[in-house]
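What follows is a short report on a single structure.
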Amino acid sequence: MALTSFLPAPTQLSQDQLEAEEKARSQRSRQTSLVSSRREPPPYGYRKGWIPRLLEDFGDGGAFPEIHVAQYPLDMGRKKKMSNALAIQVDAEGKIKYDAIARQGQSKDKVIYSKYTDLVPKEVMNADDPDLQRPDEEAIKEITEKTRVALEKSVSQKVAAAMPVRAADKLAPAQYIRYTPSQQGVAFNSGAKQRVIRMVEMQKDPMEPPRFKINKKIPRGPPSPPAPVMHSPSRKMTVKEQQEWKIPPCISNWKNAKGYTIPLDKRLAADGRGLQTVHINENFAKLAEALYIADRKAREAVEMRAQVERKMAQKEKEKHEEKLREMAQKARERRAGIKTHVEKEDGEARERDEIRHDRRKERQHDRNLSRAAPDKRSKLQRNENRDISEVIALGVPNPRTSNEVQYDQRLFNQSKGMDSGFAGGEDEIYNVYDQAWRGGKDMAQNIYRPSKNLDKDMYGDDLEARIKTNRFVPDKEFSGSDRRQRGREGPVQFEEDPFGLDKFLEEAKQHGGSKRPSDSSRPKEHEHEGKKRRKE
């Protein structure tokens, strides 16, 4: 017994088995059909109520004019349905050519690899095969020349088409055709049996505008062919698979514009509630646990912070109370007259702290100088070592530089005391600056006139010319004005009390600040006269 008798029947058949069964079924149908069934139209006169529908109803003829119905014999005039389905093609062995899908829209000469054997390298059986040899120089030159000519022709056609005016195309050479007419005889074709016709291309006007519209959109070329699938063809789906792939229609729970009556089971199937089981993700539990832990830690942190704040407040309170107790103790000791050595020790400690602070500032200043930029460092060092003298003259060196302590010589060898220097002790008299300070001519020139050497770099050699330039001089002067006078030298000099204002203020102070001194003296005179009269 064969092994196949024990095995169950296969649920799916291969393509070869399906084709074999189809051939056997067709042979059985030919053998069983004894009489050929052929449909023919009814004879003339018996066609009442008969309407031709199929191609067999027309037989070998055309339409029936007595039947007023749209008829399409041999499908002539019928609108054909547009479809991108390909016709099934078979090879020499009768197998379906599936590579037609990849060859769709491609040229017939294009090589498309769509078989499994295309992936397997071929074995070279004969190394001397001329197809496997490299071309020689002549073949390379010939192919190169053909390629160049084809490219030049394509480029020249595109360039000529883009030109608004172009030269007339060269006419093709004349062609001679031997023509034999169908009507032979003396009365036809002047008795000649054959004629030789010369075909010449019609002359074309180069300035003629185009006759046809060519601005239509050119359809896009075919895309790249799909990747070949190297597996067996698809098998027919079973009924179970078809039911599993059946998708229920989209039924809205809110809108029903057409007013259809939709069964409840279809509505629930479209809703999809019963198709999936409710499954709670475990991340919800993780999130809840994490939130609980975070809340507990936050509460613990808040409580700990509150305890620390309470402890700090308690320490501050205790420190404040201790300070108040010390202050009260010091006040009691001071009131009792008890001297302590704490103040002396505190003073010495404070002095040491000040010395430390000054040294720390000096070290910080030195570090800043070392870190500063070169220009800024030189500027700081220059300002640090700058000498401040009595002569306020920029750019003038100080001739008196000595390390000895200098004193004002005017304070020595004075025969009078303190009351002689300031008007006998009168504070209200303002005579401190009654004499000029360093009234020498050289001193005034140095202070109030810039140095020539310093300003020469800025202004050049024409400094004197600029100083002597008469600026802000009116065109017409007042009468009596003389601008040829010699300019002053030195600082501005003021006259001493030209209006007698100081004298007026002294008189006002002597009268005690009263507004009417005459009125205040009158009652005393009257009172004195009255006393004299009483005595008399």
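Glycine is no exception: its Cβ is also placed from the backbone N, Cα and C atoms.
Quick caveat, the model's predicted, so the values are computed rather than measured.
What Swiss-Prot says about this one:
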- 472-489: compositional bias 'Basic and acidic residues' (COMPBIAS)
- 503-530: compositional bias 'Basic and acidic residues' (COMPBIAS)
- Lys81: SUMO2 cross-link (CROSSLNK)
- Lys115: SUMO2 cross-link (CROSSLNK)
- Lys122: SUMO2 cross-link (CROSSLNK)
- Lys141: SUMO2 cross-link (CROSSLNK)
- Lys158: SUMO2 cross-link (CROSSLNK)
- Lys240: SUMO2 cross-link (CROSSLNK)
- Lys258: SUMO2 cross-link (CROSSLNK)
- Lys339: SUMO2 cross-link (CROSSLNK)
- Lys344: SUMO2 cross-link (CROSSLNK)
- Lys416: SUMO2 cross-link (CROSSLNK)
- Lys441: SUMO2 cross-link (CROSSLNK)
- Lys509: SUMO2 cross-link (CROSSLNK)
- Ala2: N-acetylalanine (MOD_RES)
- Ser14: phosphoserine (MOD_RES)
- Ser182: phosphoserine (MOD_RES)
- Ser190: phosphoserine (MOD_RES)
- Ser224: phosphoserine (MOD_RES)
- Ser232: phosphoserine (MOD_RES)
- Ser234: phosphoserine (MOD_RES)
- Ser479: phosphoserine (MOD_RES)
- Ser481: phosphoserine (MOD_RES)
- 59-79: region 'Interaction with PPIL1' (REGION)
- 174-339: region 'SNW' (REGION)
Argmin Cα dist to Ser190 (phosphoserine) over the recorded positions Lys122, Lys158, Ser224, Lys240 returns Lys158
Reading the DSSP string in three states, the entry for Lys240 (SUMO2 cross-link) is helix
Out of Lys81, Lys115, Lys158, Lys509, the listed recorded sites, fewest other Cβ atoms within 10 Å surround the Cβ of Lys81
Three-class DSSP assignment, Ser182 (phosphoserine), comes back as coil
Over the region 'Interaction with PPIL1' (59-79) the mean pLDDT stands at 85
With the cut-off at Cβ under 8 Å and a gap of six or more residues from its ends, the chain residues touching the region 'Interaction with PPIL1' (59-79) are 40-41, 47, 50-52
Comparing the Cα of Lys81 (SUMO2 cross-link) with the Cα atoms of the recorded positions Lys122, Lys158, Ser224, Ser232, the shortest distance belongs to Ser224
Rounding to whole Å, the Cα atoms of Lys258 (SUMO2 cross-link) and Lys240 (SUMO2 cross-link) are apart by 32
In the three-state DSSP scheme, Lys81 (SUMO2 cross-link) belongs to coil
Lys240 (SUMO2 cross-link), Cβ-centred 10 Å count of other Cβ atoms over all protein chains shown, is 8
Closest by Cα to Lys122 (SUMO2 cross-link), out of the recorded positions Lys158, Ser182, Ser232, Lys509, is Ser232
One finds that other Cβ atoms within 10 Å of the Cβ of Ser224 (phosphoserine) number exactly 8
Whole-number Å distance separating the Cα atoms of Lys158 (SUMO2 cross-link) and Ser224 (phosphoserine) is 26
